[in-house]
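Here is what TrEMBL says about this protein:
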- 8-94: repeat 'Solcar' (REPEAT)
- 12-31: transmembrane segment (TRANSMEM)
- 98-181: repeat 'Solcar' (REPEAT)
- 104-124: transmembrane segment (TRANSMEM)
- 187-209: transmembrane segment (TRANSMEM)
- 188-266: repeat 'Solcar' (REPEAT)
- 246-268: transmembrane segment (TRANSMEM)
């Protein structure tokens, strides 16, 4: 059990995953802001293409509004991805052989643990991003939310979030499966990591988007009744904001996996050189 919990190699994967996700999110954060607003705000308010809406928000509310809540999001994302990557690779390390089904199962376990630990961070982030609460910091937001709404408020949206562990689970299953094929053909590198990372995220996001819409509404403290009413009159509303989401998550995930593979390769090479010297 000790090698499972205290493996330096697993720790490297966790740090690399957290680093890659932070860089990827910072690069494409305005798209995430737009996606959050499209999922939560009235469907008649934000209409137009992704680019048109980004320009409109920047003109009306200032460029800084597109980066509202960036700091707390990066803090939460680093914790979230550290937990996910560490758990996923610890499970892989303890297993004999690799298959798509195993990757999916490990992804579900890692995702569930991640949700239960970090859900309150994302509830505060969602409210900060939408300007619903002027929390001074992430920790202050957690304290204030607990004071006002208790544990239920901190873990609001946890049920759809647990269902949404299928998103990273599918993403990692597709990514690891394609990666094994590329390695078998001796053509896997950081650029192919970028490409298969984008493909994996596009598939996962499209399949799970309706659940993400419900999750965002619950985290924002919004009622689901108006959403159900809108869906009855226009079923396509369930995919509102998908364009911005696909653009943001695909590019973020692709950049994340590129940086992740580079960091893992670099650090493990340095570690092996040191071990060989000793």
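Every residue, even glycine, has its Cβ placed from backbone N, Cα and C.
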How many of the residues that make up the repeat 'Solcar' (98-181) does DSSP mark as helix, as strand and as coil?
69 helix, 0 strand, 15 coil
Six or more residues out from either end of the transmembrane segment (187-209), which same-chain residues have a Cβ under 8 Å from its Cβ atoms?
164, 166-168, 170-172, 174-175, 178-179, 238-239, 242, 245-246, 249-258, 260-262, 265
